[in-house]
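Everything below concerns the one structure shown next.
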Amino acid sequence: MPTKYIIVTGGVLSGLGKGIAAASIGHLLSSKLKIIPIKCDGYLNVDPGTMNPFEHGEVFVLDDGGEVDMDFGHYERFLGVTCKSKWNLTMGKVFDMVRKKERRGDYLGKTVQYIPHVTDVIKNHIFDVSREEQADLVIVEIGGTVGDIENELFLESVRQLRNDVGSQDILYVHLTYVPIPYGVNEQKSKPTQQSVNLLMQRGIFPDVIIGRCSQFLTKEIKAKISSFCNVQPSAVITGLDVEDIYEIPIIFEEEGLPEIIHKKLNIYSPPDLRKWKRLVDNIRNPKREITIAMCGKYTKLEDSYASIIESLNHCSAHLSCKIVLKWIETTDLKDTSFLDEVDGVIIPGGFGSRGTEGKIEVIREARKRNVPFLGLCLGLQLAVIEFARNVCNLEGANSTEMAPDTPHPVIDILPEQKEISDKGGTMRLGGYTAVLKEGSLVHSLYGEREVSERHRHRYEVNPAYHSIMEAGGMVFSGASRDGRLVEFIELPHLKFFVATQAHPELKSRMENPAPLFYGFIKACLN
Ligand code: GLN
């Protein structure tokens, strides 16, 4: 069978959930097909690793160390694949490749132009990935909305793709917005018509239109979109606003999307959503409720912590409990009385000194009051600092990231990071193995002695302080194979006080919640 392609574009507004739509389509087809997602982003950064989470949401990290768009989180969670950094194509990467080719002399004698040279690089990249992965189906998501200048070259490339692969092997999906204006109380198709029009001006004729709406699309609106946009009424699909993104594949199935794709692409891969539905049902009808404090400095934009939120959703699905998040901005934290009202505390990853003293204070109180605590990356580093200061009496202990002149650098830069001056893609990134301590809580949660989690950091627990911390009662329950790098810590006499240098939230799946999160939520429930 030749490789099939589904191209997902968006219109009207950004933020309608193209990534989730693409991932959900993939989920519905994944029972028999090897599906590879590719995301094209129009910005000129080589990857999102150097962007502020406020600008771009969470930076997702892959096993291979790639720092990629957060949509890869959705792809991995919905498709069950382990993605590769090559599958995220940014305009920054594209121009980098074109420039290298030009300097090498690949275009000798020619004027290097957007078409065909840049578009060829884009298409060849897509074909390379498809060939290397022996994909049955490649889902290409084009970031942004049609009409954005920065996406024109990607749109032109996927337009050309139709001629390269043949129209029987490619399907175009366009996600738009169907508003119901206040007072009019009627679903409106005009934004969709205009957006499809823009797409058609670029030579792309969608086979499927997904209309994001707060209600199911009516028969009438489907008929109208169908006649104005040249698609079958059955190919106009509701992209319903939902509380919980895991409902989207279920809604797409109800709306008949798999049949349309099967018919057009001549593939058959019947979705089996039984288990998925059961888990979603647990999220929808929880038996219990707990409140977790999330203490960070990007708390104004939930996208900055997308994978943590999803990991908690996975726990909800398995433990049938609603998890209410209480966002605590730690920059000017005045008091920690909020701890009276929560069942547990998460200190997520972060960079720089803003908000760290507030977080250290929260950790101290959580430790003293025996409130379950989960620390992630920076969360581990701050837990070590707190313990050093308040239990081991190392006055002024700190990380050299926040206080380069601290008398007790209990957290210090990794030796291999000292000489690095470039900021892009140079942290300790990706999957690394940790060996867990026999009989520790972390060991019992993972059920294995060796585990691999993903990382994104420059600092570590300073080996010069290991023995002082251990003498004070902190257990280093996991370390790198050579024993130098502390990967997990715990305080065994407390209900749940665990932190890791890694980001276990990046590997959590609906069917398989991250063990640390699962253990943490269970402890909060008790
Ligand atoms: N800023 C810390 C470091 O670089 C923690 C990073 C993180 O939390 N991802 O080590």
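Note: Cβ is positioned from N, Cα and C throughout, glycine not excepted.
The annotation in TrEMBL ties G15, L16, G17, K18, G19, I20, V242 to ATP, and of the candidates under consideration, D69, D71, D303, the one tied to the same site is D71. When the candidates G350, G430, G431 are compared with the L-glutamine site entry in TrEMBL, which names L378, G379, L380, Q381, E401, R458, the shared residue is G350. Rounded to a whole number, the distance between the Cα atoms of E505 (active site) and K188 (CTP binding site) is 39 Å. Reported as a whole number, the C-alpha separation between T192 (CTP binding site) and E505 (active site) equals 36 Å. Among the recorded positions S189, C377, H503, the residues whose Cβ sits under 6 Å from any atom of ligand 1 are C377.
Among the recorded positions S14, I149, S189, K224, H503, the ones whose Cα sits within 10 Å of the Cα of C377 (active site, nucleophile) are H503. Here the binding-site residues are S14, Q193, and the one whose Cβ sees the fewest other Cβ atoms within 10 Å is S14. For P191 (UTP binding site), the nearest of the recorded positions by C-alpha distance turns out to be S14; the candidates were S14, I149, H503.
S14 (CTP binding site) sits 17 Å from S189 (UTP binding site), taking the CA atoms of both as reference points.
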